[in-house]
Structure formats: structure tokens, C-alpha cells
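In Swiss-Prot this protein carries:
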- ASP21, HIS23, ASP61, HIS248: Mn(2+) 1 binding site (BINDING)
- ASP61, ASN129, HIS218, HIS246: Mn(2+) 2 binding site (BINDING)
- 510-711: region 'Disordered' (REGION)
- 570-593: motif 'GAR' (MOTIF)
- 656-676: compositional bias 'Low complexity' (COMPBIAS)
Amino acid sequence: MSSSSSSLDDEDTFKILVATDIHLGFMEKDAVRGNDSFVAFDEILRLAQDNEVDFLLLGGDLFHDNKPSRRTLHICLEQLRKYCMGDRPIEFEVLSDQSVNFGYSKFPWVNYQDNNLNISLPVFSVHGNHDDPTGADALCALDILSSAGLVNHFGRATSVEKIDISPVLLQKGHSKIALYGLGSIPDERLYRMFVNKQVMMLRPREDESSWFNLFVIHQNRSKHGPTNYIPEQFLDEFLDLVIWGHEHECKIAPTRNEQQLFYVSQPGSSVATSLSPGEAEKKHVGLLRIKGKKMNMQKIPLQTVRQFFIEDLVLSDYPDIFNPDNPRVTQEIETFCIEKVEAMLDTAERERLGNPRQPDKPLIRLRVDYTGGFEPFNTLRFSQKFVDRTANPKDIIHFFRHKEQKDKKDSITINFGKIDSKPLLEGTTLRVEDLVKEYFKTAEKNVQLSLLTERGMGEAVQEFVDKEEKDALEELVKFQLEKTQRFLKERHIDAEEEKIDEEVRKFRETRKTNTNEEDEEVREAIQRARTHRSQAPDVEMSDEDDDALLRKVSLSDDEDVRASMPARGRGRGRARGGRGQSTTTRGTSRRGRGSASADQPSSGRATKATGKNMSILDAFKPSSRQPTARNVAKKTYSEDIEDDDSDLEEVSFTPSSVIESRRTSSTSTSYSRKSTQPQSQATKAHFFDDDDDEEDFDPFKKSGPSRRGRR
């Protein structure tokens, strides 16, 4: 750090190191790339320590997996303890009501104010879509770090109906920062909440113009669909700087939004998690200086990040070299690709920084468009030539081509070519739920869903794939089936198949138009799955437990007995008799399976098993034959849980009246809900570009009026 910049770091200047999308644990089992995320995180923490920043600000996705491995958690805790604990004094204070900012924690205060901890580097972080709160208690990996006193987790939304973003108010000398944060929320849901004006950013009542308003968000910034992103215009115009996480391309130099008149900085990821063009940009973190309403962002290149080079090769652009009719054209293409890869390896060797901690094997990706009658060659044989020279030998070459859409009246026509090429060209990620939606949009009428909804199926598939909720699909089907049965019963429809099908179709179309009701259905179904999982026993039942259960069970026939028996009722499938019991005597005991007393009431297990296999037509049979359907409908589940990522559940939190009383208890922490008005030139933050990373700079020099022109 230059002497001129050091002289400007006085007692009124905040110094903040900004980073996002660290993705700890990415490819941790890979022999070559397994430590890349940990090495980059170590460098980020070391930069924060060396630059003596006031705190480290993370924009989400600290972990790559929702349930990080034991090794990943251990390394993360080691690094945080190494760099964040010490005797260096903290020179800023928190003015806001911390019980509101961190109210969802058992320790609702910043870690450096804990008398039992000695923190020298505070870390503030929101959660991302990879490490978002899930499960029965709506916990995430950041909550573990928060309970350990190493990270201050803020910006967590606790309601799916209305979001009030309360800032963490910080002061250093005469400089004051209102730090807003919003952890990852499904983009479609958050988009809808912004449109319905259900997102409110609270502001300090006193001296609104004296606060530097800094907002950390983790959402799609680029448009992936009509509502699958958050437009910058949705954000309040009183903001001065927005730190945008989730997008991996490094665009850390703040850019001005001419409509809202704030600046947006996109730090990008510190590790390449996909071989896309956006990840090939040089990785940086930012050293943000804030003094009063002025700011400066200094780009700091990361020197331990693995090099990544990507190129496109369109074979049809070389008609003089490649002729599809040539029998040896495939060998010529392979030779040409080898030359391209060798050239990229030479470039990587020249650009290597000489840092001993930087990985020596670069990532190489050559995307080959073989549209025009060409054939791909054997990529496995090709990869063997670069096993010892690249970090990703198995996927150096990626073949793709643009398929023509064929119009056939009697076939399902899905443009998979468009689906395949879009992620390659735009660096986007293909999602399973999008494939489900795309399939049913173009599928024939005879294979369309008649009872379930595409949106519900997509959400359940997402939970199954991303969150390992194995019962999500089953519970969704059961829930929507039960709801349809109740609807038909209330309508008193005759038990005729044609009429039932017509009513089911109308009911399904009605539910599709009511997105809020459908979201509630999905949340209820996933809540059932999580409640069922949280209540499932972790150990196998003993013989005594099994006998006690059998004494309570009463069924009418052997089929119901077999359906109601738990799958894990006995260890390793052994019969109730002793290990040495003769096979001729097994099952002949007076307390054998299925011989429970007939005059005892039926158990819940039997009811559930019977109701599970009931069809819609069965629901219209005489009530005396199906007593279990009502029991299933009466079963209640806890509704105290929320999952911010999957739009599936709700969380009970501190009542709004209590929160309001906390907010008004102190004049220094009171907030205003009034709508924000356009600010004058004097109250907005000033930004000064830093054209050269290596040059000395004055972050607080005066700017001309044209730099921050107002309306």
C-alpha cells in the first residue's frame, strides 16, 4: 500500500475488503483442483489482515454446498480463527439495535463485542443460493460460523409475505454507514414481491442524508427469464453503492445506474466453478474506502487463482482447411485443436505470475462448433495428451452444434439445441426445473399432466436435487391428490370418470392461475417432507419396541398388516425369535405378525398406509369403506419453518409488534418507513475511478460536477 493512500486512512475512513462467491469446498475431492477454493480464501483473509481493514464484507456463497463436508467446515474454521482472532482494536461501533439485525441468532450481537471473544477482523456476510437456510430449523452453514463467533450473519429474510430490510448502522469517527443486506431468495418470488411492493428498506429517522447507504444482494443480475432476475431499477434510489453477489464474472469497478443514480459493483467469484467465458475474467477483490459520502474502490488482483483460458472454434469458418466430405477431416480437426490447446498453454506459461502458491496447471477449454456436417473426434484419446499439463484434461474439448427445429405434428418438439447452446454462449446454468417446464410446454396433449402442476413439480424436483429432500416429490403428489379429493367431495360430483376428469382439469387450471396458492401448496408439501424426516428415528427398533407396536395395531386383513409394518422394524430383517430359533416355529407364536386383537382401534400407521394407495374414484365410494381418508386429511403438521431458497415454508419469528417496540426503543436505532424521495446532488456519494491498480491514488479528491450529475 502506497504512502499517499496510507496517509489518507484517518480515523474517519472506513476500510472494507469486499469479496463474493468464494465457494469453499468446490470439487474438494478432485486430486488437482480440490484445494483451489481454500487457497483463494486464505489469500482473501490475508489481504484483509495486511491492509488492516475495518471488516471483511462477503456477498454470499461462502460455501459451495448447502451441506458442506466436515473437511470443508474444518478448513474454514481454521482459516477464520487464524486471521480473525487477535488483539487489534476495532475502531468502529454499531449504533443500530442488534437484536433486530441478528435476532434470529442465539447471540444477537456482533462478535467483536462478545466479552468471551477476541476478534481483530470482523466478517459480515449474507447467505447465497448455495449455502441458504434449509431443513427443519431453517439453518445454514453460516449459522454454524455465527454460533462459533467467527462470522456476523446478517440480511436474512424471515417472512415470505413481506420483507423489511433493517440496516446495520456503523460509525467510525464522523463517517456513518447504513449496511443493508438481503440473502438469496428465489428470483421469481423476490421479483413478485418487489412488484407487489412487499420489500421495504428501512432508513434512520435522524440525519438521513448523512448516512452512506451500502446494500449487499445475492441474486441474478443478468436476465435469465421474464422474472428470473432482479432489475436494478427495483432497488431504492437512496442507495449509494450496491455490492452484487451471485454473478461470477468480475466487474468490480463500480458502474453507475443512470436511472437510479447509484453505483453497482460486481466482485465476481474467487474460484472458477464452471468453464464459461465469464469465469475466464481475471479475479479480483475490492478494497473499499468510505469517508462521509465519498467512496473509492481499489481493485486487488488475486494471485493464487488457477489460470483459465477459453476459446471458441467454429469449423464452418475455415472452409479452406476443413471439408466435411474429406475422409480425413476428423484427423485434421483433431490436429488443429491440438495446436489451439498448445497455444493456450504457451500463453498460460507466459502470463504466470511466478507466485509459488499459484497452481501450475491451468484450466483450458476449447469449444468446438461442428455444425455443417462435421463429426466430433474421440475426446478421451485427445485428453490423454494433456493429462500432466492441464487441470481439466477430461473436458478440455467441448463439442456442440446448432440443431434445426423440425415441425412434426405427431411428435414432441423440444428445441434441445437451443437449450444446449444457451449456457455455452451466455455462461448460464441449465436447471432441472427449467427442463421440466420446457418439456410440458411442448409435450403432446396425451402426455400432459392432468392433476399435478408443472410449477409444483419443478419446485419439488429442485428440492430433491439441490437440498436432498428425498420425500419432496412423494409429499407433493400426496398433498395435491388430497386437495383434489377434497375439492371433488365438496362439489358432490357423481362417481363417473368423465365428469371427474373434467372437474379435475378445471380445478387444476384454477390453481395454475393462482400463483400464491400454488406456492403455499408447495411449501406445505415440502414442510411435510421435512417434518417427516425430522421425526424419523435414527436407530432401528428393538424386538420389545416392535412387539409393543404390534399390540397397538388392529387391521382387518393380512394385506393391511403387511402394508402397515415399518420397513426398519427389525435389525437386518431378523424375525422376532432368537437367532437360533428353528424356522418351523417362526411366525407361529401367539404374538406373531398379524395376530393383533381385533377389538383394538386401528393405529396411525395403518391409516396412513391405506390412505396412501387410495385413488380418486375410491374417494367417492361409500364412506363406510374408507374411514382412513378423513384421518389423513386431519393430520396436522408444524408450520414454524421457512426455507428462503425454495419458496416452500414459513418461519415463525419475533412478532412484528415486538420488533417495532425494539426499533423505537432508542432514538439512534429508529427507522423510517416513508417512501424515499429523490436526493439532491450534495447527499449522494461521490465515486472516483481507479484506472491503474498499481498507481498511487487519492480516494478523496474532489470531482467535477459532471461526475455525478443529477436529474
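Backbone N, Cα and C atoms are what each Cβ position is placed from, and that goes for glycine too.
Overlay of Swiss-Prot feature records on the structure.
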residue	record	contacts (Cβ under 8 Å, 6+ apart)
ASP21	Mn(2+) 1 binding site	GLY59, GLY60, ASP61, GLY128, GLY245, HIS246, HIS248, PRO267, GLY268, SER269, SER270
HIS23	Mn(2+) 1 binding site	SER37, ASP61, LEU62, PHE63, HIS64, HIS130, SER269, SER270, VAL271, THR273
HIS218	Mn(2+) 2 binding site	THR20, GLY59, GLY60, ASP61, VAL126, HIS127, GLY128, ASN129, LEU182, GLY183, SER184, GLY245, HIS246
Other residues, Cβ within 8 Å of ASP21, HIS23, ASP61, HIS248 Cβ centroid (Mn(2+) 1 site): THR20, ILE22, GLY60, HIS64, GLY128, HIS130, GLY245, HIS246, SER269, SER270, VAL271, THR273
Residues within 8 Å of the ASP61, ASN129, HIS218, HIS246 Cβ centre (excluding the Mn(2+) 2 site residues themselves): THR20, ASP21, GLY59, GLY60, HIS127, GLY128, HIS130, SER184, GLN219, GLY245
Assigned conformation of ASP61 (Mn(2+) 1 binding site) - DSSP reduced to three states: coil
Assigned element (helix, strand, coil) containing HIS218 (Mn(2+) 2 binding site), judged by DSSP: strand
Coarse DSSP state, helix versus strand versus coil, of HIS248 (Mn(2+) 1 binding site): coil
DSSP three-state assignment for ASP21 (Mn(2+) 1 binding site): coil
